[in-house]
Amino acid sequence: MAFDLAARLAERRAADLYRQRPLLESPQGPEVVVDGQRLLAFCSNDYLGLANHPEVISAWQAGAERWGVGGGASHLVVGHSTPHHQVEEALAELTGRPRALLFSTGYMANLGAITALVGQGDTVLQDRLNHASLLDGGLLSGARFNRYLHNDSASLASRLDKAVGNTLVVTDGVFSMDGDLADLPALADVARGRGAWLMVDDAHGLGTLGAQGGGIVEHFGLGVADVPVLIGTLGKACGTAGAFVAGSEDLIEALVQFARPYIYTTSQPPALACATLKSLELLRRETWRREHLAALIRQFREGAQQIGLQLMDSPTPIQPIVIGDSAQALRLSRMLRERGLLVTAIRPPTVPAGSARLRVTLSAAHSEAQVQLLLNALAECYPQLENADA
C-alpha cells in the first residue's frame, strides 16, 4: 500500500495546522527581514541579545582561524578539542556542578541523558507539558513511561508510589509554550523522598533566571542533590548553538560511556565553542541584560492587562497570548504582520487542542519603545478578533 502523503498534508491544511518556514534574510535581532519584508520581531529565543553580538562574532572568527571550521570526528575519537573542553568547564562553573558534557543540540542532550539513565525495568515520569524531545527520550528508553499532571507534585507522588526500578522524574524548567516555572522545590522534595532522580531541562531558564544567569536551579537556591541531572541549551539566551548536561563526576562519565547521541555523532565546530565561551562571559558580566529584560517583561504584562489580553502565569521572556482557535490565532498574527510586527502563531499539536496562541518572546535587545509599539498594535488588532466571534 502506497504512502498517501498528499492526503495527510491536505488534512493538516484544512485544520489550519500547516507549518511553513519563513525565510530570514538578516541576522537575528529585534529588527529583521523575513520573506523580503522588514519587521520588528517578537518570536526569537535570543533572550539576551547575544546572537549577533560583535564580540561573539569576533570570537567565532578567531576560533575558525585557530581551529578550523569542522569538528572532524566524534568526541571519543579525535573530535574533542580544547575549546570544547573549555566550554564544558565554564558551564560546570556557571551551574555550580562538578562536570558538564557538551552536546550538539538540546534534542540530543535530552535523548542521550534519558536513554543512558533508564531502560527496561525502570520508570520515567514526566510533566504532561514537557518538550517533545523529553517525551521522545522517555518513549525511546524502553522504561515504563507515565506523565503526571502539569506542575503537580501530588500527582507526581501518586505515580512515584507505583514506580519500579531506577526512577527518573523529568520536567522542563521553564515551559516553552506557557512560560511558567516548574515548582522545583516541591518536585525535588517528592523525588528525593522516594529515591528518584530529578532531571530538569532548563533550555529557557539558563541565562535569564538567577542572579548570575545560572538558571532555574540557581533561581530557587537548589543544588546537585536536589536536581542531579541538569540540561541546558546554548542556542537561546547564550546566542550560539549546542547543549549540555551538568551534574556529578559519575553522571558525566556514565553519559560518555552510554549516551548514544553523544557517542555516535561528530562534534560541533571548535570555533562555535569559542563563540560560546565569549557569550558565557558576557552573560555573567553584563548583568544589565537580565535587568533590562525583567523591566520589559513587567512593561508588557502591565500593558497587556490594560488591553484585556489573556496571558499565562509567566515571569519569563515567554509571554503567550491565548486565543483558542487556530484560525483566529493565525488571523491575529497576520494582522500584526501587516503592521510590521512578527509574532508567531503556535497551534496544535505543539500546544493542546483549543489553546492556539501567539507566543510573544522578549529580548534584552528590545527597547521599551519597541515593546510599546507591540502593545499599541495588539490594542488595535485584538478587539477585531472579539468582534469577529460576536
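Cβ coordinates are placed from backbone N, Cα and C, and glycine is handled just like the others.
In the record from Swiss-Prot, residues G106, Y107, H204, T233 bind pyridoxal 5'-phosphate; the candidate from S74, S81, S176 listed for the same site is S176.
Neighbour density for S176 (pyridoxal 5'-phosphate binding site): within 10 A of its CB lie 24 other CB atoms from the protein chains shown. For the recorded site, Y107 (pyridoxal 5'-phosphate binding site), the DSSP three-state label reads helix. With respect to Cβ neighbours within 10 Å, the recorded positions H131, H204, K236 differ, and H131 shows the lowest count.
Checked against T350 (substrate binding site), the recorded positions S176, T233, K236 differ in C-alpha distance, with S176 being the nearest. Mapped onto three states, the DSSP output places T233 (pyridoxal 5'-phosphate binding site) in strand. Across the structure, H131 (substrate binding site) and T233 (pyridoxal 5'-phosphate binding site) place their CA atoms 13 angstrom apart. Same-chain neighbours of the pyridoxal 5'-phosphate site beyond G106, Y107, S176, H204, T233, judged by a C-beta within 8 angstroms of the site's C-beta center, are, in sequence order, N110, H131, S133, D201, A203, G235, K236, A243.
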